[in-house]
């Protein structure tokens, strides 16, 4: 049988693809490149991957397919030689606070198994290893209670398990037992309720009811033996209220007592403190299981509380000017009365700045008056002339605990900050889990170590545990070490296993999923990846490329949508799509080996790779003014090592360094949040620092990040940049609209009037899938056009409002050339390289890089004021060399207008054009958090200890 050598695609027309046909070699590393919007993702994800997924789902049974739904067939004539596909996109899709690096990679599952099998229990009191308890030791512990103490001896036969347990209860009745405790309630066994088998239950048999006295030991021993036999080595002594005779207590009396439970175990217990562990199973190490999750935080590892710093974000403001943030929008008549009354009693006025009010009065305002201290009542109807003032923070806490409205809870949450749970210290687990250790460490300490340190710890472990433990753990250790090795090889050794997945960057998230796929050991699969080099320093690029080659060498086809030159040079086959974006793209410009692409006469990619076209290094850089700098003093959040950094005002600054070096912690968590709070009163809680000088040179700070511009189909680029309002106004002023009395609201899909009421102007109808993600289907009535037929009959130059929204940015710019109010706002979208997207395109379909550039376009469309600090995190995401050149022109234009720009960036094409660089390192995680060098690119290139400098040195030679 002839082995299929190629994936043959015939007549691909998805989105802007121009009926292309192409042969892609199987079991090779293939890079698909081209300018933004040229059709790369349309080919890789929306055609190849979508068809692979569709065929897989169609191969399943009808029963399975009803849960997965159907996938629309891509617009392609035929694809031959297609393997099952796995897509690893750049979007971080997990918002689950329980998801961590350890759970995603399954390392945490193997850790749980390891600790359950070879972990040694230790006493929290003595710190010594603890062993099994004897019946005699248990009896001695019970007899330490005062004489007259009454207790029940219970056998916990079911602990947190699902089932009906009818047979078990019947068997107990036959054995002579009469009473039972089910889910905290006492019953006669004959009257026990029917249990729902879908829910977890706890069942304890009442073996004996005793009162402590001198001659009770033999009875206690016998009861203990019965409990231990029934409950597989467990017994609960439940001490109850001694005010009534135990024999006279009814089940109802029992249910209303407040017992103290002592768990005894034949297996593990501390003879000094009595600390006992019922079972050592994997589930007690899981924060997603009630058996293991910390009761205080429910396994989340954090607790939330009202934060003083968020209540008073700017102490320099006066009380009547919004010093108290929850009362500042606006200061209501009621709050004004409270402050006025308190001021009269305590001696301050509403015109006083918060920072000028005494600390004692500040505490009263925040936490209230003492019980004996009162102020005149504000409630005229009240019979009390005086009352206590609760305080701002206790009032908000009370509302938070009682409030059912999600809207008000969201408002209150703005003033709350998270801190590690005090009960579990952020480890998420019950104390029993921390008592079990391997080589002196509990599972929480392992997951809080950097992955590099975990790798070293596990390499040394076999020599530090017994031969028996090695034999038991051999296969578990192999799985853990294999997964750890993949994470290290892919450049993620600075992360911790406890890191929340929603705190990962898109690039980190993608590389973790890539490492998980390598760990799965699949062969014969077609992997489709979207820019895996995002957020990766040039030093670590080789690690990523080796990983991709490893996937290929194990018998898989790897397709990568990528712009990184090193990755392209390492590819077996490159497909260059273009020549331009949108309707001017979608064609195969060139394909072949890297050398063939470089030699191709019409390939833009080839010209940049050969050096024929290049992003030029500035002949003269802007000079910094030492007297106009932002100084961040002693920043020390996360891994920052108490650093002091200076950034020039009015320049283009690049923050560089190894992944995990502390760049985002410094720029986003510390400088941006602190500046936004101090300058604009934003409700952020910044990282820890001593002070920031130089913010007086800044009027406004803007973080242009990659978060979506909206989360629903209603949000789109036209509404975000402010172009849709003048478009609606223009349509409402057309003669046909005036004749029918149509106002601007009739052309809005957010309000009743002109919109389609079946889909309420969404163009799609949301189908709730309960345990699956919601599905959106096109509205049958308006066919996705959002408006009713009467509204669509109003046309300008032959185009309805729906036709306008379906235009690309480039088309709309030409269409509205004669209308400056619309043209100027849309023009900025084109300037940032988004000429190919539709102006009415749903925000939730835009990539992170596209969302970031839409935000940048909005800033460009505003009237220039200067003195704005713009912050961007990896703005080159998803950009081709040609697009980067356009973006740099825009960023430098903003600087020329008197603004300051700071970017976090790994792309050397951007870094080489910067005026100033702050380089972080030297490594990631615990070994990072320092400033290695600062200055011009030429200064950084001279710094021997800077990895960034080493790569800059070679690229600056072309100057």
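Cβ atoms are placed via backbone N, Cα and C, with glycine included.
Because the structure is a prediction, the values reported are computed rather than measured.
In TrEMBL, the feature zinc finger is placed on 756-782, out of the ranges 756-782, 783-809, 810-836, 837-863. In this structure, residue 40 (ATP binding site) is part of a helix by DSSP. When Cβ atoms from all protein chains are considered, those within 10 Å of residue 34 (ATP binding site) total 29, not counting its own. Counting every protein chain shown, the number of other Cβ atoms lying within 10 Å of the Cβ of residue 659 (ATP binding site) is 24. In the three-state DSSP classification, residue 663 (ATP binding site) falls within a helix. The Cβ of residue 36 (ATP binding site) has 581, 833, 834, 836, 849, 850, 878, 879, 880, 883 as same-chain neighbours under 8 Å, each 6 or more residues away in sequence.
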